Amino acid sequence: LANFKPELIEKPLVNDHFAEDLAMCGPPPPSSFTVTQLIISVLARFYSPKSDKELLYKNPLFYHRLIEAQKFAYAQRTLLGDVNFVKSAKALAENMTTKGYTDWVFERMKNRAQPSEYYGGTTQAQKSDHGTSHVCALDAEGNGVSATSTVNRWFGAVVQSDKLGIVWNDEMDDFSSPGMANGFGFAPSETNFIVPGKKPMSSMSPMLIYDKKTGDVSFSF
């Protein structure tokens, strides 16, 4: 902990092909931005901003496609990890933001669910994630902020500081350990094993969507 330093990422991941003049950007792994943006990018192939939302949200096929896109994107999460330690994760994350990768998923989307191995990644048992706080802010100048914080599990490490009463986190549980699931039931992934100085993989995926021409932020989430 004494040697840990926050990292400033000068060049975020960018998807600039998903809808008209809009682009999505976010941090590389261990953030899950690359997973989230792929889901949005694939759905944008089926639906445009002009789609009738009232009819869309009542259409079972929309929800089927959403789930299928999530399966393809989330399957790759098992291969991601801190890019400073898992070199293959950097290339995969960058590839997942490309038009070619979106095309690859789109072409494999079917109107019926497929066996787990069809979606790629590694077979793991997953349970739902919980907790965490998120703040979004936009201003009149076109700037935007998307920030996520967490103590991980309920009440974190269940320990508070003596002076300020701050609840300490248990982020070490976000790492994988050989042969055992973490506190949320995530099966171990080798790319997420503990290494000194490494950051654990996270489902947090703060994201900004901005206009490519003006640079103004349109959405923050």
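Placement of Cβ uses the backbone N, Cα and C atoms for every residue, glycine included.
As written in TrEMBL, here are the features:
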type     : residues                                       : note
ACT_SITE : Thr132                                         : active site, nucleophile
BINDING  : Thr150, Val151, Asn152, Asp174, Ser202, Ser203 : L-glutamate binding site
Site extent for L-glutamate, whole Å (max Cα pair distance, Thr150, Val151, Asn152, Asp174, Ser202, Ser203): 13
Ser203 (L-glutamate binding site) CB neighbourhood, other CB atoms within 10 A: 18
